[in-house]
Amino acid sequence: MSKYDSHLKCSFCGKSQEQVRKLIAGPGVYICDECVDLCNEILDEELLDTNGAAAQPTPRAEPPQKRRTQSSSISFNQIPKPREIKKYLDEHVIGQDEAKKVLSVAVYNHYKRLAVIQSKATGKAAADDAVELQKSNILLIGPTGCGKTLLAQTLAKILDVPFAVADATTLTEAGYVGEDVENILLRLLQVADLDIEEAQRGIIYIDEIDKIARKSENPSITRDVSGEGVQQALLKMLEGTIANVPPQGGRKHPYQDCIQIDTSNILFVCGGAFVGLEKVVDQRVGKKAIGFVQPGEGQTKEKRAADTLRHLAPDDLVKFGMIPEFIGRVPMVAVVDPLDEEALMAILTQPRSALVKQYQKLLKMDNVQLDFKPDALRAIAQEAYRRKTGARALRGIVEELMLDVMYELPSRKDVTRCTVTREMVEKRSTAELIIHPSSLPKPESA
């Protein structure tokens, strides 16, 4: 077959030789490398136990505590209680008690719902038990860097169910450039090692959900493919439906067979900053000053906004740009508080994987003890608060401070201790280094 025979094309997809990487010839037919890959994928999917008859694929190696719970039965007595879930969250996330309680109760009820479904499937449920437990999806509202995503990531470490995180900013309505909403389920399926039954009892966290608000309160004549269109596409998934999930994402491989996933028992947690939502609430509540005293005087702007959001009503979210049908499918709303200076101080030192502990461990591997003076921690928290990006600013500041230290110390065998001072934070000066006595030059004898 000549490399330059432009009339040759794939007998399956019709693409010419110039459009594919490889064209394989057969007796009077040709097949391209893309169609070969597609055939392999279809054969691999036949191995999935979609109907309970085929063999399961070999699971990935996982830590013992995770492997123990995969595909295992759920006993009501083994379900973690809300207090236990919150206690674990307290070890990793500072503050946000209301959001922790909402998540703890929601996850606990999610487990109970799965236990009831399992008892009905095994015939252990009472014959007259006709009550069906419906899920209550969650909406987390709060400024950037206050712990919404960290709460979701921390939950993923303790759950006995698959947990996936998705970003709403990449989603578009079907038929337009971007990701389909079914790709969210694909992430959950991948976390569950392509185990469909396991994925159908999982939890999905959708971040930046406020970015799909429609551009105006009134329905637009033109299509809003990344806003209202995405909200419409998410409705059935949030409520519960049989979704067709393409194993490779759909857009680049349109001819693949889809995997069907029932979303009825998948719990959805949505989070977003919703910048400007407090102004919508203010307009509805109609806060007015009497005399010269302003409401919330003496509070920071962020604290006033958080207090205002305590009076949030569904109509406020509609005015912000969320459609009523979407709001009805996320009935539980929790407001995440902004982080003040004291909270940022606590984040530096108190959590199990606190930032200071991380850098202390890094330097300990070089046999150097790292210390932060209290006034240095205060200066770091103050600078992070001024940056207005929440806890995310802390890592950037500490990374700037420790760059030169972490560059030099691996080559310095004479240093035993490094101390970060307030002056170092404010002026970006050099850290205080303590030299091992044996490395000091010995005084000359007379």
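Glycine residues also receive a Cβ, built from the backbone N, Cα and C atoms like all the rest.
Features reported for this protein in Swiss-Prot:
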type	residues	note
DOMAIN	1-51	domain 'ClpX-type ZB'
BINDING	C10, C13, C32, C35	Zn(2+) binding site
REGION	54-76	region 'Disordered'
BINDING	P143, T144, G145, C146, G147, K148, T149, L150	ATP binding site
Inter-residue Cα distance where the pair is C13 (Zn(2+) binding site) and T149 (ATP binding site), in Å
42
Could you round the CA separation between C35 (Zn(2+) binding site) and L150 (ATP binding site) to a whole angstrom and send it over?
41
Would you mind reading off the Cα separation of P143 (ATP binding site) from C10 (Zn(2+) binding site), to the nearest angstrom?
53
Spatial neighbours, same chain, of L150 (ATP binding site) - Cβ under 8 Å, 6+ residues apart:
H92, V93, A391
Across all protein chains in the structure, which of the binding-site residues P143, G145, G147 has the highest Cβ count within 10 Å?
G147
If one looks at the chain holding T144 (ATP binding site), which residues at least 6 apart in sequence have a CB under 8 angstroms from its CB?
A273, T389, G390, R392
Grab the pLDDT values for the domain 'ClpX-type ZB' (1-51) and give me their mean, rounded.
74
Among the binding-site residues C10, C146, the one whose Cβ has the most other Cβ atoms within 10 Å is C146
Listed in sequence order, residues with CB under 8 A of K148 (ATP binding site) and six or more positions away
A99, L140, G142, D207, G271, G272, V336
